[in-house]
């Protein structure tokens, strides 16, 4: 994070009154502390008591802010991350969602933790994203980024699809399955975990491939080096349309015969945590693991 931190962005979608109140409290407290504060312009109509000059788009916030505070759950963080990762801005989260693997701060007691962060007492880590491209007849038809995962799956009707998997242009395996989850370490505690994938430490430079309901007894999740390029070739015999879903928020249409290229993005999310942050404490707390015996 840039030091000193002068410009702070508050980001989040209109969700419920408690979340809106947290945006309001953050703005009032940070401005009283002397910081220049701007807010996600999606909140302009709701926070109408705040001057319109203090609202800006996510791109503008990413360009100008030293620190971005995302209010909400992991979904809000994922949506913000795909844009903020393009810029040199640190990001921290206030949890107003459910599990909150990426949003550390308690909404009812954020001031002390934020004071320490703003004084330079924090842990910073970089989380890599994936880029997903749909290739058709040698041309890129669509693309997007994902912090958690890129998922190949059928369109609106659930059915089995066939595809081949290549790693660095070397054939790895073919599958008849409901799809494939290609996950980052950040996403290994999300959809990938539900599909039986491994939990990867966030600092690992690795990508996991998790088949979804494969029609075989031998298929298992596979972990590959994070610098490998994944190519999926969709069978031209598949019926209907398929999709690639990025973080469960953006869908890229896929036609039979298309190629899907998935690789590590050059952009990273600069995620910061309070000094007392422990990834394994988060896992134990969120996943309900047993406590120490002695």
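Placed from the backbone N, Cα and C atoms, the Cβ positions cover glycine too.
Record features, source Swiss-Prot:
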type	residues	note
ACT_SITE	74	active site, proton acceptor
BINDING	74, 75, 148, 149, 159, 176, 178, 189, 190, 191, 192, 193, 194, 249	NAD(+) binding site
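Overlay of Swiss-Prot feature records on the structure.
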{"residue": "74", "record": "active site, proton acceptor", "Cβ neighbours (10 Å)": "24"}
{"residue": "148", "record": "NAD(+) binding site", "Cβ neighbours (10 Å)": "30"}
{"residue": "159", "record": "NAD(+) binding site", "Cβ neighbours (10 Å)": "11"}
{"residue": "178", "record": "NAD(+) binding site", "Cβ neighbours (10 Å)": "18"}
{"residue": "190", "record": "NAD(+) binding site", "Cβ neighbours (10 Å)": "23"}
{"residue": "192", "record": "NAD(+) binding site", "Cβ neighbours (10 Å)": "25"}
{"residue": "194", "record": "NAD(+) binding site", "Cβ neighbours (10 Å)": "11"}
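Spacing of residue 178 (NAD(+) binding site) relative to residue 74 (active site, proton acceptor) is 25 Å (Cα to Cα, whole number).
For the NAD(+) site, whose annotated binding residues are 74, 75, 148, 149, 159, 176, 178, 189, 190, 191, 192, 193, 194, 249, the maximal Cα to Cα separation is 31 Å. Here the residue listed as 'active site, proton acceptor' is compared against the binding-site residues 159, 190, 194, and the shortest C-alpha distance is to 190.
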